[in-house]
Amino acid sequence: MHNPQLNKNGELQHLLTIEGLPKAVITRILDTASSFVSIGDREVKKVPLMRGKSVFNLFFENSTRTRTTFEIASKRLSADVINLNIAASSTTKGESLLDTIDNLSAMHADMFVVRHAESGAPYLIAKHLNESGQSHVHVVNAGDGRHAHPTQGLLDMYTIRHYKGDFSNLTVAIVGDVLHSRVARSDIHAMTTLGVPEVRVIGPRTLLPGGLEQMGVRVFTDINEGLTGVDVIIMLRLQNERMSGALLPSAQEFFKSYGLTPERLALAKPDAIVMHPGPMNRGVEIDSAVADGPQAVILPQVTFGIAVRMAVMSILAGT
Amino acid sequence: MHNPQLNKNGELQHLLTIEGLPKAVITRILDTASSFVSIGDREVKKVPLMRGKSVFNLFFENSTRTRTTFEIASKRLSADVINLNIAASSTTKGESLLDTIDNLSAMHADMFVVRHAESGAPYLIAKHLNESGQSHVHVVNAGDGRHAHPTQGLLDMYTIRHYKGDFSNLTVAIVGDVLHSRVARSDIHAMTTLGVPEVRVIGPRTLLPGGLEQMGVRVFTDINEGLTGVDVIIMLRLQNERMSGALLPSAQEFFKSYGLTPERLALAKPDAIVMHPGPMNRGVEIDSAVADGPQAVILPQVTFGIAVRMAVMSILAGT
Amino acid sequence: MHNPQLNKNGELQHLLTIEGLPKAVITRILDTASSFVSIGDREVKKVPLMRGKSVFNLFFENSTRTRTTFEIASKRLSADVINLNIAASSTTKGESLLDTIDNLSAMHADMFVVRHAESGAPYLIAKHLNESGQSHVHVVNAGDGRHAHPTQGLLDMYTIRHYKGDFSNLTVAIVGDVLHSRVARSDIHAMTTLGVPEVRVIGPRTLLPGGLEQMGVRVFTDINEGLTGVDVIIMLRLQNERMSGALLPSAQEFFKSYGLTPERLALAKPDAIVMHPGPMNRGVEIDSAVADGPQAVILPQVTFGIAVRMAVMSILAGT
């Protein structure tokens with residue numbers, strides 16, 4: 001099957017998932033982001049790359065935080081942004097998803113940033129645009145169900161490259177609720193493609209999906225074992241709101257077994273960095289002493305996230 | 001009574017309803033829209049006609065779809081747009097509608113785009129502005145109760161003119177829930193003014209308002225009869241959410257009697273076009289085979305709608 | 001204790017409260033606002049002073065009216081504005097206030113406009129930014145609990161200066177629900193600093209806080225006495241929604257004892273002006289004949305309010 005996120009020349013047409021994305025495409029995004037990182041420090045934080053383009057933030061699921069990052073990225077590229085909370089809108093009038101897309105596309109949309117509770121929705125939209133002669137309209141997946149959150153994965157890669165220079169000698173541990181985490185999936189695919197030699201996943205059996213070993217990942221249920229000697233620790237948010245109670249004893253219990261404390265961090269390499277996609281549950285998956293400590297790069301991740309989103313959007317808009 | 005939407009020179013001051021709007025004014029809007037249609041295809045989809053002007057979207061009734069079209073039109077004219085969902089705002093603090101208007105006007109508003117569940121609200125606002133020395137502030141009716149939706153009527157006229165060239169030889173049929181449709185009212189007034197020789201209305205007696213014949217309209221309760229030989233078919237949305245159950249048997253029943261199927265469409269002229277204001281209820285008022293077929297111009301309507309709104313706003317701003 | 005709203009050079013770093021703000025700082029804001037008042041009448045109502053700057057409207061409490069004034073002020077300064085209704089966002093995901101601030105700050109925010117139901121929240125944010133090396137990010141208090149609403153206080157001072165020229169010979173009366181009014185507190189501090197020789201407060205004992213006399217204010221429970229000979233009357237909104245029923249008999253009762261009627265207004269100087277922060281409760285704290293009469297300057301207050309907010313924001317952005 002043709003990869004719907006690449007056009008016939010192998011260029012990025014949509015950003016749906018990191019799975020199957022060629023290394024050259026990922027590297028180009030990271031390199032482009034690099035040129036945008038410094039913009040944030042300038043007096044005028046704008047470039048005219050998307051002037052007059054219309055970006056629609058289509059949020060079928062509420063996420064102020066993610067919507068904000070895309071809104072800022074769009075505005076710094078000088079695009080016009082329209083925020084649509086679709087849950088409260090035409091779908092309540094019984095219009096189908098694809099009719100909504102065709103409508104907005106007819107308004108000369110240039111880009112849809114799509115957040116959806118159902119896995120595959122951005123893929124469905126991109127496929128429809130491609131097949132109905134609207135392939136000039138681009139889709140960015142801003143998180144779909146448990147499936148993917150590619151811009152988060154890309155900003156994680158940017159962060160790792162920024163602090164570690166290179167992927168080829170690293171051991172990276174992902175800790176926590178992997179089962180419900182689209183971030184974990186996106187990160188694993190990205191690291192595999194970029195050549196990280198050892199990716200570890202650490203968590204209780206009940207929060208680990210099947211098939212991890214087949215993805216080339218080493219699985220640990222003991223956090224002390226798993227963290228030993230790693231270069232990078234990616235903590236996952238405990239998705240309280242997504243979980244049915246049966247899988248998890250309690251937040252305190254989780255912290256006792258899998259929370260990142262200074263003691264556990266000491267098992268990693270001395271220059272290991274600590275990442276988290278936010279928002280953090282302090283005292284649940286991460287101790288405040290670590291979150292605010294010198295090895296945490298959680299706020300730089302946010303800064304890089306804007307640059308990475310600007311990179312993705314400007315590359316798509318130029319395709 | 002003086003027509004409150006025209007100033008002393010007969011120029012458009014507010015757009016409240018198509019009823020009573022001179023043919024020259026309507027034609028000027030359509031001609032201006034024509035110059036904006038091509039902007040949507042440009043690399044930079046913006047013109048500086050309203051740079052520094054403040055447009056307030058005053059939505060007393062939620063309508064993401066209509067709000068979006070005005071927001072895009074405003075941004076493509078380089079205006080600053082402020083979205084106000086008034087239901088959730090000062091009226092809950094007990095402030096009167098006209099106090100709210102005076103307040104926003106004191107912030108140097110240039111234009112109010114007003115959507116209201118009550119017929120006449122935009123008229124009331126325009127009258128107040130005119131009488132209180134604030135006639136430099138313009139009002140656009142974005143739909144008021146069952147009364148009018150003039151920009152929808154204008155974009156329908158634009159669409160007909162685009163495909164048929166001229167109004168003077170046409171037979172146009174409006175099909176469905178005319179009783180609850182402000183679109184139907186706006187269309188009938190526009191077509192009468194523009195000289196469409198035969199306007200037909202098709203629907204069950206319970207969904208047809210009185211007084212249609214006096215408006216110069218031919219009434220049909222049999223869709224097959226009504227569609228025979230027409231040039232243009234305007235399907236109306238079945239306003240499920242506005243209807244009390246008594247008027248209508250069921251959606252399936254309605255489709256059986258009044259849904260636009262390929263067979264019924266075949267009764268119209270071979271080059272007849274099919275319009276719909278959206279959002280469509282597929283399988284209720286329109287069959288998907290027709291909605292997605294070669295005679296449907298439903299998506300072009302959306303595209304023209306942006307240009308028509310830009311035309312209305314830029315004409316008002318220049319008055 | 002160091003005043004957290006001033007930097008080491010005594011320049012405005014944040015605007016948190018008028019209390020303790022030096023006269024020179026207040027006067028500079030009013031003078032700067034003066035230069036912005038005329039912008040509202042221009043064809044293009046924009047200046048490029050904050051082009052490329054990112055302003056975040058952080059509304060932890062809903063207030064469309066106040067949010068709108070800051071949004072307009074930001075856009076007229078050419079800033080990019082991001083509206084965040086935080087109640088519905090990350091705090092529901094259990095993230096702390098300061099984590100949210102750090103996150104947005106990491107997105108290269110330049111300014112936070114903060115509205116919060118709790119007194120002191122903007123102060124807490126400003127303190128955190130100052131102490132964590134983020135003092136280039138500025139905070140504007142857009143109303144915190146019962147504590148302060150400094151931009152309202154400043155626009156009131158602008159209005160008084162506009163109509164009365166000078167503060168040094170004035171008698172000003174503040175009438176109504178002083179207990180729940182952050183506007184009253186901000187006004188009293190401003191007038192004390194600017195040298196208004198006589199400030200009166202008029203209201204029922206149950207709606208007057210303690211300590212007024214210590215602030216140098218004369219207290220009246222009889223409105224006729226209190227209004228006699230004043231130059232300026234500042235009516236307060238009866239905060240129905242904030243009050244527990246016990247303090248107040250009824251709206252009609254209140255109007256009978258403290259409503260501003262034409263008869264009572266006649267007790268003030270003939271050229272006295274009437275102010276109100278809005279939204280007004282007509283027939284509760286103010287008679288419509290007064291609200292719409294020649295001495296009311298309630299709508300000019302709104303106009304000046306935009307200019308004052310532009311002044312505050314541009315001064316902060318230039319620090």
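Note: Cβ is positioned from N, Cα and C throughout, glycine not excepted.
Keep in mind the model is a prediction, meaning the values are calculated, not measured.
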Same-site residue for carbamoyl phosphate (record: TrEMBL; known: C:Arg65, C:Thr66, C:His149, C:Gln152, C:Gly278, C:Pro279; options: C:Arg28, C:Arg42, C:Arg115, C:Arg309) = C:Arg115
Cβ neighbours within the same chain of C:His149 (carbamoyl phosphate binding site) - under 8 Å, at least six residues apart = C:Asn141, C:Ala142, C:Gly143, C:Arg182, C:Val183, C:Ser186, C:Pro277
Most crowded position, judged by CB atoms within 10 A, among C:Gly278, C:Pro279 as binding-site residues = C:Gly278
Under 8 Å Cβ-Cβ to chain B, which of the binding-site residues C:Thr66, C:Arg115, C:Gln152?
-> none
For carbamoyl phosphate, what surrounds C:Arg65, C:Thr66, C:Arg115, C:His149, C:Gln152, C:Gly278, C:Pro279 with a Cβ no more than 8 Å from their Cβ centroid?
-> C:Ser63, C:Thr69, C:Ala142, C:Gly143, C:Pro277
Secondary-structure category, per DSSP, in which C:Arg115 (carbamoyl phosphate binding site) falls | strand
Whole-number Å distance between the CA of C:Pro279 (carbamoyl phosphate binding site) and the CA of C:Arg237 (L-aspartate binding site)?
-> 7
When the number of other CB atoms within 10 A of each residue's CB is tallied over all shown chains, which of the binding-site residues C:Thr66, C:Gln152 has the maximum?
-> C:Gln152
For C:Arg237 (L-aspartate binding site): DSSP state (helix, strand, coil) = coil
